[in-house]
Amino acid sequence: MVVILDTISANPVRPRHPEKANRPDALSPPKPDWIRVRAPNTRGYANTRRIVKENGLVTVCEEAGCPNIGECWDKKHATFMIMGDTCTRACAFCNVKTGMPGAIESSEPEYVAEATRKLGLAHVVVTSVDRDDLDDGGAEHFAQTIRAIRERCPATTIEILTPDFLRKDGALEKVVAAKPDVFNHNLETVPSRYLTVRPGARYFHSIRLLQRVKEIDPAIFTKSGIMVGLGEERHEVLQVMDDLRSADVDFLTIGQYLQPTRKHHAVIRYVTPEEFSSYETVAYTKGFLMVSASPLTRSSHHAGEDFAKLQAARATLSR
């Protein structure tokens, strides 16, 4: 493991995998005026942070450097990241550290459930690092976490954001059997950018994963998201929409890629709010129940409100 100085994010020193540490600096253009967020300094933010730390939990909000952390934590909305803070992959866009993860904390599902109760969450989002080192990719741990939340907070709806469980036979079935309300798996980018942006993954495996969820349990909402500004073309984004609809995915998110450090993939360009609005309009015409497309859209941003909209959209279709 190599430690390099992180000169962009608020956390100045983070362990970096040699694959990232040895990359030349990649410079991005200055951020435009439409990408601005408030500093996280409210009382609600502080209270959420305290509960997270008291329960010894990791959040993707912190580890991935999410720009919406101030807004979400002020409302007591946090996305819990299970199975540690170290990922077995080194995706070029991601700020989560890479290395050999430690053993899974067997009590973590209970800690997540208790934090969900303390925060009074009506809708909780749980994600994880990639755990290619585990036989099932962490699928059973996901299932245990879902069951623990159900037991302690029966009224809380549960959304999960999973890795791809690549080459982990039977893993997906374990997670789906636990019956989350929303199953999210992000494609992250268009197929042509996978080699440089997400080299450890396979685009059509991810499409098939989402399709398989619906085949096993059609009642579960499925969701996926991509980042733009990584060098993709508009027609490629539209093709991703078609691929997701062919897999019967309900909810699409599209957000601007923001470079975590100079050792990460550069921002090729900043997509304008008008372009995001156009993507949203087109996506709805293709049949998605819910679409969120804006510069600061992230997978878990407004997840609770969006879940209510998903339910309403499905109810309208079934009339």
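Any Cβ shown, glycine's included, is placed from N, Cα and C.
What Swiss-Prot annotates here:
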BINDING   Cys61, Cys66, Cys72, Ser300  [4Fe-4S] cluster 1 binding site
BINDING   Cys87, Cys91, Cys94  [4Fe-4S] cluster 2 binding site
DOMAIN    73-289  domain 'Radical SAM core'
REGION    5-31  region 'Disordered'
Candidates Cys66, Cys72, Ser300 (binding-site residues) - the one closest to Cys94 ([4Fe-4S] cluster 2 binding site) by CA: Cys66
DSSP-derived class (H/G/I helix, E/B strand, else coil) of Cys72 ([4Fe-4S] cluster 1 binding site): helix
Cβ neighbour count (within 10 Å, all chains shown) around Ser300 ([4Fe-4S] cluster 1 binding site): 27
When distances run from the Cα of Cys87 ([4Fe-4S] cluster 2 binding site) to each of the binding-site residues Cys66, Cys72, Ser300, the nearest one: Cys66
Closest of Cys66, Cys72, Ser300 to Cys91 ([4Fe-4S] cluster 2 binding site), Cα positions, binding-site residues only: Cys66
Number of Cβ atoms other than its own within 10 Å, given for Cys87 ([4Fe-4S] cluster 2 binding site): 24
